[in-house]
Amino acid sequence: MKITNVRLDVVRIPRNTGFVCEHGLVRIETDEGVTGVGEMSDFSHLPKYAVDARDLEATLRGALVGRDPMGLIGINQELKDLYPETMYYYEKGTFIRCGVDIALHDLAAKAAGINVSALLGGRVRERIKVCYPIFRSRTIEEVDANVEIVRRKLAAGFDVFRLYAGVNPDADELLLDRVRTEFGSRVTIKSLDYSHLLDWKKALRITKRLMPYGVELIESPAPRNDFEGLRHFRMAVDLPVSEHVWSFKQLHDMLRHDSVDIFNIALIFIGGFAAARKAAAAAEVAGKGVLIGTTQELGYGTAAQALFGASLTNLDAISDPTGPELYVDDVTTEKVRYENGWLHVPDASRPGLGVEIDWDKVERLKADSFAWGDQQVANLQDRTAAGTASGAGEARQDR
């Protein structure tokens, strides 16, 4: 079997806050008629530069056409040469490698007539507990809308939430106080996520202020790659600390400094199934926990995340992939299934990823290339439309 063509489609889909996210769908075609599909999720992240989609398509075509798609190790190594690891969280080269890796796994499984789970060694669970994100309240006025989101999602079965926090501690405390007053123990706050926006000392002060409201862990309480700061924070607080894994050098440094308790592993940030499995194995050897992170993938990328999570014996923390709940549209023929706060893993009897792309939808949602609109830093950090408060945008969209 040989790769004969690579195609890249860009889709542009609004979130329910009004913020428009751009995603890449890569198709790898072969001379035996088998096609694998991968998702390059959410290119609409800082740093604010755009990838030329047609140039990327041509580059991938040049790298992959004529190759045996089963030679995943060699292809991944060549892609790492083309798109090297950096020490940055949202490095778009990692997104590119992830999309190709997912497509190759999908292709290999389809060629064998099996589900990707079988390629990963099987599955140890059929569902994954997930939490719904509450984006940060930058003003007191945004708290009402965020409380309404908690109320609505709790009624829909989501009983675990994670809170982006730290920019306005007064608003954070008001939100937590109102959630506890109105919903009590029916709501679990999985994490306070500081998104690397604070130094560890300020994050510690805010954490101690908010801990009485009941949170289970703290995420990203120091600037990116401040491993000593992470460790200082971890030693000073009686809660587990989690951090995203975005390169193997960074993973090594977190282990060397003993900076965290839990590795937050998402396919998109580490480069796909093959790299994510290595990261999870490193966590297991080091005695660290694992949760499945997210950049808020579409349904197809979420299915890939679910298959990865289903294969892990050391998935021991509530995970994050709820992207399909945040978008006003999607590209799959069927929605991934959430039930009572659980993400269900795609049917093991279906070949490939177990979900299919609706190419008519892709055509309707398609854009010419990746591009930036009029978005400021706060909108990009909080995933809100320009001039729109984070919670208010979602509340308006759902009404």
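Keep in mind that glycine also has a Cβ here, set from the backbone N, Cα and C atoms.
What TrEMBL lists as active site, proton donor is TYR90. The feature substrate binding site is assigned by TrEMBL to ARG15, TYR89, THR294, ARG383. According to TrEMBL, the Mg(2+) 1 binding site annotation covers ASP42, HIS45, THR295. According to TrEMBL, the Mg(2+) 2 binding site annotation covers ASP193, GLU219, HIS244. Summarising the annotation, TrEMBL assigns domain 'Mandelate racemase/muconate lactonizing enzyme C-terminal' to 143-240. Summarising the annotation, TrEMBL assigns site 'Increases basicity of active site Tyr' to ARG162.
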Overall pLDDT for the domain 'Mandelate racemase/muconate lactonizing enzyme C-terminal' (143-240), taken as the rounded mean: 98
Helix, strand and coil counts within the domain 'Mandelate racemase/muconate lactonizing enzyme C-terminal' (143-240) (DSSP): 55 helix, 14 strand, 29 coil
Around the Cβ of ASP193 (Mg(2+) 2 binding site), the count of other Cβ atoms that are within 10 Å: 24
Shortest C-alpha distance to HIS45 (Mg(2+) 1 binding site) - which of the binding-site residues ARG15, TYR89, GLU219, THR294: TYR89
When distances run from the Cα of TYR89 (substrate binding site) to each of the recorded positions ARG162, ASP193, GLU219, HIS244, THR295, the nearest one: HIS244
Of ARG15, HIS45, HIS244 (the binding-site residues), the residue whose Cβ has the fewest other Cβ atoms within 10 Å: HIS45
Cβ-centroid neighbourhood (8 Å) of the Mg(2+) 2 site, ASP193, GLU219, HIS244 excluded: SER191, TYR194, SER195, SER220, SER242, GLU243, ASN264, GLY293
Rounded distance in angstrom between the Cα atoms of ARG15 (substrate binding site) and HIS244 (Mg(2+) 2 binding site): 23
Rounded Cα separation (Å) that holds between ASP42 (Mg(2+) 1 binding site) and the residue listed as 'active site, proton donor': 10
ASP193 (Mg(2+) 2 binding site) as reference: those recorded positions from TYR90, THR294, THR295 with C-alpha within 10 Å of it: none
